[in-house]
Amino acid sequence: MTFALGQRWISDTESDLGLGTVVAMDARTVTVMFAASEENRVYARTDAPVTRVAFNVGDVIECQEGWSLSVEEVIEDKGLLTYLGTREDTQETEVTLREIFLSNQIRFNKPQDKLYAGQIDRMDNFVLRYRALSNQYQQHKSPMRGLCGMRAGLIPHQLYIAHEVGRRHAPRVLLADEVGLGKTIEAGMIIHQQVLSGRAERILIVVPETLQHQWLVEMMRRFNLHFSIFDEERCIESFAESDNPFDTQQYVLCSLDFLRKSRKRYEQALEGEWDLLVVDEAHHLEWSQDKPSREYQVVEGLAENTSGVLLLTATPEQLGRESHFARLRLLDPDRFYDYEAFVEEEDQYAPVADAVTALFSGVKLENSAKNQITELLSEQDVEPLFRVIEGDSSEEEQALARQELIDNLMDRHGTGRVLFRNTRAAIKGFPKRNVNLLPMDIPTQYTTSMRVSGMIGGKMAPEARAMKMLYPEEIFQEFEGEDSSWWQFDSRVNWLIEKIQDKRSEKILVIASRASTALQLEQALREREGVRATVFHEGMSILERDKAAAYFAQEEGGAQVLICSEIGSEGRNFQFANQLVMFDLPFNPDLLEQRIGRLDRIGQLRDIDIHVPYLKGTSQAILARWFDEGLNAFAETCPTGRTVYDKYSDVLIEMLASGNTEQLDEVIEESAKLNQSLKSDLEKGRDRLLEMHSNGGDKAHEIAEKIASTDGDTNLVTFALSLFDTIGLNQDDKGENALVVTPSEHMMVPSYPGLPYEGATITFDRETALSREDMNFISWEHPMIQGGIDLLLSEGVGASAVSLLKNKALPVGTILLELVYLVDAQAPKRSGISQFLPKTPIRLMMDGRGNDLSAQVEFDSFNRQLSPVNRHLASKLVNSVQGEIHKLIEAGETHVLPKVEEVRQQAQKDMQTNLNGELERLQALKAVNPNIRDEELEVIEAQINELTGYISKAQVQLDSLRLIVVSHN
């Protein structure tokens with residue numbers, strides 16, 4: 001390296017220092033001053049990590065005074081360069097600029113500048129960058145975007161609803177699936193799609209207080225969406241940042257009670273400018289024409305101010321038509337304006353459902369059914385289809401004609417677009433429940449303490465006393481103190497220990513009402529028999545619960561028993577277990593259903609054993625009999641349970657409080673009758689049409705298969721591991737399909753997006769991720785991959801590289817130049833541009849004569865023939881052919897333009913086909929189905945105009961390049 005005072009050099013290792021000037025030299029060292037960053041560096045002369053900055057004819061360079069010069073000649077004198085050329089601002093010719101006056105801020109952002117300045121990256125980084133661009137492009141174009149990356153089983157009806165609703169602009173729908181069919185997951189998938197496509201940036205979820213935790217966990221665990229729970233305390237804290245606390249976070253979760261109680265907070269939430277509002281347990285919003293409840297008004301206000309609304313409810317409309325209408329009214333007040341009109345319209349659907357049932361079953365259509373169909377659809381539409389169905393066409397044609405009729409009827413179906421409801425009856429794949437009710441003798445210690453408690457109990461409200469009598473172990477502790485070892489003599493504990501020993505190879509889930517009972521049971525199992533058990537209760541943090549759940553899920557060396565309290569178990573699913581023990585019973589049927597729902601979910605592969613040990617002659621015995629004989633709530637799901645409970649709760653509470661069972665048989669008999677009649681009403685009113693529409697039929701299975709085929713993508717695994725390597729993360733293989741990824745000291749950036757400070761355990765396998773909640777499920781949509789790709793591209797990793805091609809068929813020294821361009825339409829994310837024209841890479845492979853060989857030379861197979869070059873040699877190679885590289889880049893510019901035009905035209909065509917198709921369908925439907933909102937049509941028209949503008953203005957720029965030189969050795 002020859003240095004001279006006044007020369008300009010750039011640091012290879014600290015490119016952000018700017019342009020440096022040689023200010024001092026001695027025999028062994030050289031001092032370079034970087035004026036832009038006010039830093040000096042002293043290097044050894046022999047191998048200083050710096051590169052000489054020399055510009056060529058054709059470059060545009062900037063002077064310290066701010067003007068630019070287009071270089072026409074370069075003169076070297078005693079190691080210093082002087083540039084001659086034309087000033088860009090005044091057009092003055094033959095202006096000279098000595099290199100000492102070059103701007104200190106010059107950064108080499110363009111890939112060719114980096115190449116000339118010797119900032120040459122490793123070859124594998126260039127490959128990684130190209131793969132990042134290609135994969136990012138494919139992900140954006142995929143119609144399944146937003147559905148592949150969530151940690152959930154691929155269940156067809158859920159995927160269908162999410163796919164159907166998630167792609168709409170500002171969806172307003174009611175998700176009314178029965179318990180255990182996964183409404184929360186459906187809502188999460190819709191939110192996830194809306195977030196990824198940029199349609200929803202601000203989201204508010206309103207849920208009952210007891211479910212806040214569950215939603216927080218589900219959104220974070222399954223979809224990597226980090227919500228913040230807002231309560232009064234949080235709002236006061238946020239006041240420092242903003243007048244409206246709701247503006248401090250994009251994703252907010254709060255309880256309905258919190259908004260109902262505080263008018264101020266409710267008004268602030270109204271001003272929050274949300275894109276999407278999600279309300280869980282919407283059946284609690286009571287409404288009547290003259291007197292809507294305060295809760296209902298709160299949600300109504302929010303729904304009026306928010307463009308997208310998802311309401312979730314488990315209560316079927318047959319159990320309350322008025323409240324069902326009220327929920328639909330929240331979604332579209334213009335359409336559902338009058339309850340009487342709604343009832344009348346609903347009654348007209350009964351014949352539609354009959355007609356569809358007839359079509360589905362494939363029986364010959366009666367004339368009456370045909371007339372009904374003709375009344376609903378116009379005659380010229382249906383006549384040819386009837387002819388096909390009744391003629392002697394092939395079975396396939398008949399099936400298609402039936403399907404077309406069904407689709408047309410579906411589209412006309414009043415609430416088809418706003419309401420989705422799946423029932424267990426319509427969806428296969430649920431386990432059978434084996435129920436074991438186990439009456440046990442009551443220990444004398446309990447009888448004594450309960451008797452004494454009854455005598456000194458004084459005036460307690462019946463409800464409080466009923467609650468108390470359900471838990472004899474707590475009454476005993478009141479007299480004997482907290483430390484009393486009730487579990488030494490409780491017959492249920494003795495039975496439980498035997499059961500655990502009997503089922504050594506099975507995982508057992510035990511649920512008790514109170515956290516204290518759960519903790520004491522764990523102690524009992526540990527101290528009496530050394531059983532490996534773990535506890536789960538509301539006093540634990542999310543992380544502690546995760547660890548407990550993971551310990552329970554572990555195949556080898558994990559806990560055999562997990563003991564949960566009532567609240568602690570909310571929202572957690574343990575499908576891998578099939579033994580459920582109810583140590584005591586909850587007060588109402590909803591909670592009972594929730595307990596069984598921890599195991600009895602879609603995706604459970606085995607039948608479930610439900611064990612209910614209870615003490616004879618106690619309140620528990622009364623409750624066990626009523627649940628079993630009155631509701632049959634242990635053996636099957638009980639959507640009617642709540643209604644029956646509301647009717648008989650007073651009598652039940654009285655019985656539980658006093659222990660008097662005279663009326664029990666009568667109450668059980670009446671409950672069973674009422675339950676039966678409600679269930680048959682439900683069955684009669686089952687809206688087959690709605691069910692068919694909600695479960696998506698074959699289409700749903702296609703979506704599930706499509707996503708399943710992308711699981712286990714080896715391309716993703718290879719890419720992720722190279723990405724983590726390049727950015728500098730440590731990776732340790734942990735077995736069981738898992739890796740541990742931790743930050744290292746040599747990272748490219750101080751913190752890696754999506755990775756906690758202490759690292760994370762990751763898996764690429766969906767099944768593993770489902771059984772182990774402590775692992776991150778890595779997919780193309782995971783923040784660690786998305787964030788990593790963004791980091792790669794923004795930090796300029798792999799923008800320029802040099803490789804050798806050992807090929808005796810070509811003369812030594814032949815050069816090839818690989819150019820990767822990026823077509824980018826500068827448009828806001830919410831415009832939906834990424835679906836039609838995401839950032840699109842175009843690869844060219846220029847030979848020495850300026851021809852493009854990319855069509856003949858495929859990237860991967862060519863890349864395997866190349867070998868890397870060290871930086872020093874790479875710089876020399878670049879300097880020796882710099883002039884030729886210039887010419888090839890110019891040739892590349894002309895080759896790429898027609899390709900950019902093709903990309904634009906294809907994007908425009910895709911967009912027109914997609915959006916015009918949707919627009920025409922909605923316009924045709926609007927004529928017959930009042931459920932289509934005008935606003936939806938206007939939005940699509942505006943979107944077409946807006947996108948046409950963005951696509952036509954899409955720009956292209958050179959993103960990265962690689963010089964390839966042929967050698968023979």
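Glycine is no exception: its Cβ is also placed from the backbone N, Cα and C atoms.
Per Swiss-Prot, the listed range annotated as motif 'DEAH box' is 280-283 (candidates: 280-283, 364-367, 368-371, 764-767).
Highlighted in sequence order, Ala314, Asn422 have their Cβ within 8 Å of the centre of the Cβ atoms of Asp177, Glu178, Val179, Gly180, Leu181, Gly182, Lys183, Thr184, the residues recorded for ATP, and are not part of that set.
Broken down by DSSP into helix, strand and coil, the motif 'DEAH box' (280-283) contains 2 helix, 0 strand, 2 coil. Once Cβ contacts within 10 Å are tallied over all protein chains shown, the binding-site residues Val179, Leu181 are led by Leu181.
On the 0 to 100 pLDDT scale, the model's mean across the domain 'Helicase ATP-binding' (164-334) is 89.
Residue density at Lys183 (ATP binding site): 24 other Cβ atoms are found within 10 A of its Cβ, drawing on all protein chains shown. The highest number of surrounding Cβ atoms within 10 Å, among the binding-site residues Asp177, Glu178, is found at Asp177.
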